Amino acid sequence: MIDTTAPHSPVHSPSHGAGPANIKPDYHPPLTNDDLAPLREQTWGTYNIFAFWMSDVHSVGGYVTAGSLFALGLASWQVLVSLIIAITIVYFLCNLVARPSQATGVPYPVICRTTFGVLGANIPAIIRGLIAVAWYGIQTYLASAALDVVMIKLFPGLALYAVVEDYGFLGLPALGWASYLILWVLQACVFWRGMEAIRKFIDFCGPAVYVVMFPLSGYLISKAGWAAIDLNLGDVRYSGWDAIPVMLGAIALVVSYFSGPMLNFGDFSRYGRSFGAVRKGNFLGLPLNFLLFSLLVVVTASLTVPVFGELITDPVQTVARIDSTFAIILGASTFTIATIGINIVANFISPAFDFSNVNPQRISWRTGGMIAAVGSALITPWNLYNHPDVINYTLETLGAFIGPLFGVLIADYYLVRKQHVVVDDLFSLSHDGTYWYRKGYNPAAVIATAVSAAIAMVPVLASDVYGMYTAAEYSWFIGCGVALVVYYLLATRGRLAIAPPYRPVGAGLTARQCSAISTRRASHTRSWDRTWSRKRCRAAVLAGRPTSLQCKPTDSIFGLPARPSAYSTSNASRRWAKISSPLENPAGEANRMSLVSRVYGTTR
């Protein structure tokens, strides 16, 4: 439910990297640039969202993750049940986080201003940006390893330069450096051309993996026969109640794998032409596509045992074993392109928006993306990847914040604000702005994030303690759940409680004063309770008594019209904006100020 009324006409900015935007004259520059402002056009349809998720799933990392589920010692039907439950959870959560950005047309870090404040939104933006930078470097390195296979197959003499002991620098051989730089530049070029070029790229690279996966499965079946297909990549060690904890671990693994793209999915849902199109794209790209891809992965991986004599879970290495130069080049190139796709959508665009949000006037969307690209190379991701303990500890530490950030955002938008967003105040530094809170920060969100992240970190730091290693697998759920509860309690009770965000345009009332003439959501109140509360509220106002009651939007007190249930461009909303304007209805303004002075004992 979005406030779209405003006293000024929007300025249509030229098309920039993130898309053409509407920038109103009263937007404060320190919070605004052409990439963060609400979009003027939302053009992505169902297929574009579907292709986005295909690009996210169809990668070397997705292949290994899906294959590992079938090697947990569970029966194949138990793995499939776990997959269905996990991907359904991801689908549901993605729909939740998609709605606010799709409705407002702004990216994830801007939506975070509703929760953390217009300045406090930099906290979740920087956390998510740092995680994305680390993964961006790792995914680029993995894609460069696939490119190494192609280069050596085409030019066997290059194998000499793949030895790090002889031709290495900072832990990477000369051939690895060449492949890494090629992919680094290629990804930067795609990104630099803007979101429209990225949309076209992922529309292609997502489905392209199936062009390799189906023929690869057919080739292995022709070599081993249909009877060799086994949906269990290991011995079945768990059954009955013993399988439940393992199945829960599999569910947690899948949700954790999608936690990063899921958190900042608003960066993409903002381009959706409708929420229905986004929801359909999510359904096709998550439950249906992920299950199909997982089945192809387990079929392909299981057939590597009879064909090559060992279990191979890396698709690039599987393709490299085929005795065909064309097949190797096609397969390795396709997986390289697919990895580029996931890297751009999951780890490039996110920090671009996040870092731009820190200083919009100096850091554009493109500049933010290049900061991420340079930072990903400076951390030498190949060294991180070759030391799993270091990377797991670092990313688990940062990842412990993803769950809390998600929980706080969902609690604020759905439970506290009831899906109301005042878009113009997202770009306002006014102390009377809805999202100014306390000096631009919302203490409730900061405290909830810190407390829940600390609790989620306990299993990570104390993994040697009995039971903590298993609990660490659920750090996302722990952080998300604790943050949701803590934030809701802080935001609705006590000294940190935030006022309802309803402030009609032109009314001249503070958020606290508006709480006397509005309600968070009267539609959830029973009819008898609504009637009784209305009578009590009117009686208190007529008697001049202070009251803690929230008068319903259906009331009309002292000439105050009923506020529409949602800010929109409906006739009811325009009538409300007109009547509440002191210039167009002086009598209404006088009555309003009389009401405020009688309830609060103040005058303007």
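Cβ atoms here come from the backbone N, Cα and C positions, even for glycine.
Just so you know, TrEMBL annotations never went through curation; they're auto-generated.
What TrEMBL annotates here:
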REGION    1-24  region 'Disordered'
TRANSMEM  79-98  transmembrane segment
TRANSMEM  118-138  transmembrane segment
TRANSMEM  170-192  transmembrane segment
TRANSMEM  204-221  transmembrane segment
TRANSMEM  241-263  transmembrane segment
TRANSMEM  283-305  transmembrane segment
TRANSMEM  325-346  transmembrane segment
TRANSMEM  367-385  transmembrane segment
TRANSMEM  397-416  transmembrane segment
TRANSMEM  444-462  transmembrane segment
TRANSMEM  474-491  transmembrane segment
Which of 118-138, 204-221, 283-305, 325-346 contacts the transmembrane segment (397-416) most, counting Cβ pairs under 8 Å: 118-138
The transmembrane segment (367-385) versus listed stretches 170-192, 283-305, 444-462, 474-491: most Cβ pairs under 8 Å: 170-192
Ranked first among 79-98, 118-138, 170-192, 241-263, 283-305 for CB pairs under 8 angstroms with the transmembrane segment (444-462): 118-138
Spatial neighbours of the transmembrane segment (474-491) far in sequence, C-beta under 8 Å, 6+ residues away: 248, 252, 255-256, 259, 396, 399-408, 410-412, 415-416, 443-445, 447-449, 451-453, 455-457, 459-460, 497-498
Proximity verdict for the transmembrane segment (325-346) and the transmembrane segment (170-192), three or more C-beta pairs under 8 Å: yes
The transmembrane segment (79-98) versus listed stretches 118-138, 170-192, 204-221, 241-263: most Cβ pairs under 8 Å: 241-263
Long-range environment of the transmembrane segment (241-263) - Cβ separation under 8 angstroms, sequence gap at least 6: 56, 61-62, 65, 68-69, 72-75, 78-79, 81-83, 85-87, 89-90, 93-94, 97, 108, 128, 131-132, 135, 345-347, 350, 399, 402-403, 405-406, 470, 473-474, 476-477
